[in-house]
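As given in Swiss-Prot:
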- 38-56: transmembrane segment (TRANSMEM)
- 57-289: topological domain 'Extracellular' (TOPO_DOM)
- ASN60: N-linked glycosylation site (CARBOHYD)
- ASN108: N-linked glycosylation site (CARBOHYD)
- CYS263-CYS288: disulfide bond (DISULFID)
- CYS265-CYS281: disulfide bond (DISULFID)
- ASN284: N-linked glycosylation site (CARBOHYD)
Amino acid sequence: MPQEQYSHHRSTMPSSEGPHIYKVGIYGWRKRCLYFFVLLLMILILVNLAMTIWILKVMNFTIDGMGNLRITEKGLKLEGDSEFLQPLYAKEIKSRPGNALYFKSARNVTVNILNDQTKVLTQLVTGPKAVEAYGKRFEVKTVSGKLLFSADDSEVVVGAERLRVLGAEGTVFPKSIETPNVRADPFKELRLESPTRSLVMEAPKGVEINAEAGNMEAICRSELRLESKDGEIKLDAAKIKLPRLPRGSYTPTGTRQKVFEVCVCANGRLFLSQAGTGSTCQINTSVCL
């Protein structure tokens with residue numbers, strides 16, 4: 001009984017202690033570190049923004065594109081000089097209307113045409129010493145599509161009406177040449193020469209040599225042979241001169257004349273014999289030996 005009264009009395013007594021308050025937050029060095037990181041983040045954001053603005057200004061970024069590069073409905077448009085450090089893949093490259101398109105390189109410019117397996121089919125290489133083209137066939141045509149020049153493994157075709165060679169030494173053909181007409185420019189000489197070998201001209205229907213406004217000369221060191229197997233050899237001219245034919249001896253007692261007759265030996269050799277009242281060829285047969 002006394003314990004119950006004591007307990008009831010204790011419970012009814014007013015508590016002298018106040019309510020407990022729990023403080024929530026970051027204090028001390030943690031708070032200073034947080035402020036430092038927030039300040040550092042703001043500085044980085046400002047630096048990043050300044051760098052972005054600087055890059056946009058330097059690279060000349062606009063709504064249409066970047067610098068000399070413009071994005072249009074038809075593709076990309078470059079104004080001014082452009083430099084590509086890596087391979088460029090494009091369907092079509094063209095310049096502005098009225099302007100030329102230039103390709104510049106410190107070493108060479110190579111254009112490759114590839115198939116589906118990335119194998120090179122044709123190649124064009126322009127270097128400091130030569131321009132090389134690789135392919136099965138090479139053709140040069142006019143604007144209208146007429147063939148001017150073509151070359152492949154079997155033949156080289158020149159489709160122009162005239163082929164002119166302006167070199168001082170002319171043209172050298174190590175093999176045979178087949179053409180319907182060989183002629184020089186007007187008022188120019190045409191010279192066919194084989195310095196160390198023979199020169200042969202053949203045609204199934206004949207070979208015609210014509211000099212319309214000048215002379216024609218055939219000069220050789222040893223023998224000049226004119227042969228017709230089934231036909232004739234005609235010398236058709238108002239004057240025919242053989243100034244260097246050998247002359248037979250004449251008799252001192254005979255009358256010396258300035259008229260000679262042409263004699264033919266059995267071996268076909270020609271010589272001159274002083275004309276007399278009769279034929280004097282038999283007298284000068286020593287020339288035929």
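Glycine too: its Cβ is placed from the backbone N, Cα and C atoms.
Of all the disulfide-bonded residues listed here (CYS263, CYS265, CYS281, CYS288), the one with the fewest other CB atoms within 10 A of its own CB is CYS265. With all protein chains in the displayed structure included, the most crowded Cβ environment within 10 Å among the glycosylation sites ASN60, ASN108, ASN284 is that of ASN284. Neighbours of CYS288 (disulfide bond) among the recorded positions ASN60, ASN108, CYS265, defined as a Cα within 10 Å of its Cα, are CYS265. Between the CA atoms of CYS281 (disulfide bond) and ASN60 (N-linked glycosylation site) there is a gap of 106 Å. For the recorded site, CYS263 (disulfide bond), the DSSP three-state label reads strand. In this structure, CYS288 (disulfide bond) is part of a helix by DSSP. For the pair CYS263 (disulfide bond) and ASN60 (N-linked glycosylation site), the Cα-Cα distance reads 101 Å.
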